[in-house]
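Copied from Swiss-Prot, the annotated features are:
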type	residues	note
REPEAT	58-99	repeat 'WD 1'
REPEAT	103-148	repeat 'WD 2'
REPEAT	166-205	repeat 'WD 3'
REPEAT	218-257	repeat 'WD 4'
REPEAT	271-308	repeat 'WD 5'
REPEAT	379-418	repeat 'WD 6'
REPEAT	420-460	repeat 'WD 7'
REPEAT	463-502	repeat 'WD 8'
REPEAT	511-553	repeat 'WD 9'
REPEAT	573-612	repeat 'WD 10'
Amino acid sequence: MAEEQTALSLSWVFGASAHVKHGVVNLSDGYTDKICYLAANTAVIYDKRLRRQLFLQGHTSPITCIVTTEDRSHVVTADTGPEALLVVWNVRTGLPTRTVQQPHRHGVSTMDMSADGQWLATVSAADPESGEQEVSLWSMAALLTPPEAAPPGQGPLRPLVTTLVPAGDVQHSIRFSPNNPAELISNGRRRVYFWSWAPGSPRFQYYSPPLRSRDFKQSVGDFVSSVFVPGTTQALTATTDGDLVVWDEQGIAAQVGTSATDRRAIKLMRIHNCPITLLATVGDFIVSGGEDGYVRFFDPLLRIVAWFEDLAAGPVTSVAFSAVLPDRLAHADAADTLNRFMVPDFVVATRNSRIVSVQSASFEEYDADRRRGSSVLDSLLADVVDLAAHPTRAEFAVLGRDGGLQRWDSIAHCLLGGRAFERQVGACLTYSRDGSLLVVGFGSGHLHILNADDCSDLYVMRNTAAGLVRVAVSNTGKHIAAADENHQLLLYAYLPYKHTMRWEYVGRCRSHHGPIASVVFGESPSGQTRLLSVGGDGRVVEYDLAASSVAAGVQVASFYDFPPGGGAPTSLSFAPPLAYFQAFAADTHLLVSGADGTVASWDINTAPLERSATAAEGAGGEARWAAVLGDPDLLREMRDYFVYAQIKTQGEDALEPRDVPGTVPVDLVPDLMRSAGFYPSESDIDNLLHHVQYMAHSRNMESLEVVTLADLLCLYINHRPLFNVTHADIVAAFRELGGRGDPGSCVPKLSREQLLSLLQSTGEPMSGEELTAALAALTGAHTPEKSMPVSVAAEQFSADVLGFDTTEAGAEAAT
């Protein structure tokens, strides 16, 4: 039922947010075998037995941290950003139990749950300007209570304890003590904080012990993560040098006058020969993960008891344990468990976007292959830069920045094959229309034409020293176009050569003075192949393929420049009835990729869109555009002006009965725009009138002399500026025009003569009469010279001439 009501529904997520520390939690409890991992804005619950995914959706920003309750019934996720959320999810249903909006001003960067499951600690994301952070403590009992079951009159859920972190080092890790939930440890790159709290207190007590390299006669690397040693008073901090800093309450504390509970660094101990990437605890063991992919277990005395060094999965980012011991250990005799390594089975996530399931008993295996674990999911490239859907099969290809290429089955969700291009930087790829070719472009300028089935090379060409950024194949499969970083379009053609055919380089053309955003082939109504490109310079160029040849090079047929001020174009596509799209497969799936290392497959259901369109059509175009406008007061005002314009057109003093046709002449459109607060320039007016004529063509009319209210709303919504002009824009304009401030002042100034001259000579110049009339209306002065002082500051011009409230602008800037 839900799918019928949603145009897009997430069907599968390939890959995971491999860079997030502790980004995987193990939900296996003896009855189910599930994990939950982060994939950009979504948390994915994956059932390893049934091979099914359940999606926890609701975050608008990438999720930064995840924890689970001890009984694995709930998971908690949090993110950072302007609409940050902290959400408690029911694992069985996939629905949120409790949602906290803005748990911190900028969201949550890291969090941890106490061993008894009663408390949740969060560390806020750093303020972008001040770097300020805070540590908070939440009651899990309150977070697990649905809003409808909360006591009546209870306000928004807030933390019980909150304390600002002293400035100087952004904290990125926090952990509870397994021995005492009233103690926590956090660390940044160079400082460690020990936190403690007492029931009823609104603030943490904290202490940050000093650490100097000369104390250990060696340098100490940046801190990665910190934990308490189970059953002891010690704490550990892992470093990028592969060392553990050991903190304890013993030593010289009494001699320096500090409290006996204030820990100090007493030892530096190397446990990896590479940077440590992860530190955690399970039972009485300390668990470490390294850049080398090794996972090691230590007892409370820091003696190594087990090591898993054959995983070969990449740098470790997460180690997550099942809630129970495996059956073979849970029911073993005491004699059998003596001196045996006993921990629950676990999963290891790595920076290579791999998730590996490991049986703890495999440590005792002699065969290295049995110690590698089993892959939970085929791993997607962690640095996807482009993807392409196969036009005829349920497959897609992804290209990684490091030169990796993979082919995936979008139904079985498995890896079909791939290839690694050594010493190449991936840039772009696309399929030919029949799916037989896969064309790949690289940052070196190389263009590889591959067999789409086995990814073997058919042709390799390099005709530019600049990196390729876009590539396209014609519908006939006879032309390939590529764009490079030097704003050039390169054209290749499949031409006869000695009784056979081969790909030939036709030439290149620099028709843009900005980055090329999109290259696309299409077909004219007569069936001729067309090639167009659009650039960030606002230019659309069409190339003459018929006139282009190896001898003549690439020929330009025509070009069109978008008016300035409308934003830079980012893509170009031919409208239907073209049957194939780069990101579509048989019109049933939409593939979406980003810089987060994931590819999402969405099911497309057009029924809700058709119902919405039918309902809007039945309600009239005005209702549709009114919904888009979303401002009832402005809509009412525009409707009043529209009615007044009809009356004014017939004559305000007319005595005969009014005939209100529901339309106004096109000539009144600019004035109606101004009445709504949009003051179009002459160029904007030209664009409005062009849009009106486009409306006429879409209605099979030669021209349109009148517009309806729905037409007016359409024009307003499509042409109004995204943001209003602000005082900051005026200041920037003064600087652009050469304004200089007084010594020690950053406020730009222009002379009155210079400003008046610029208004009458640059941009869309005003005549002397127009300028005098405008300044008189704005300031009441009879002459331009009396409307402003000899030297005009940007702030004076904004406040005294344009009427901006600069005090509010200054207050907003200050906040």
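The backbone N, Cα and C atoms fix where each Cβ goes, glycine too.
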Segment confidence, the repeat 'WD 2' (103-148), expressed as mean pLDDT: 94
CB contact flag for the repeat 'WD 4' (218-257) and the repeat 'WD 6' (379-418), at least three pairs under 8 A: no
Long-range neighbours of the repeat 'WD 6' (379-418), counting only residues six or more past its ends (CB under 8 A): 12, 14-16, 18-19, 51, 351-355, 424-435, 438, 440, 442, 452, 454-455, 580-586, 589, 591, 593, 597-599, 601
Contact set, same chain, for the repeat 'WD 7' (420-460): CB under 8 Å, 6 or more residues outside the stretch: 385-393, 397, 399-405, 407, 466-477, 480, 482, 484, 490, 492, 502-503, 580, 582
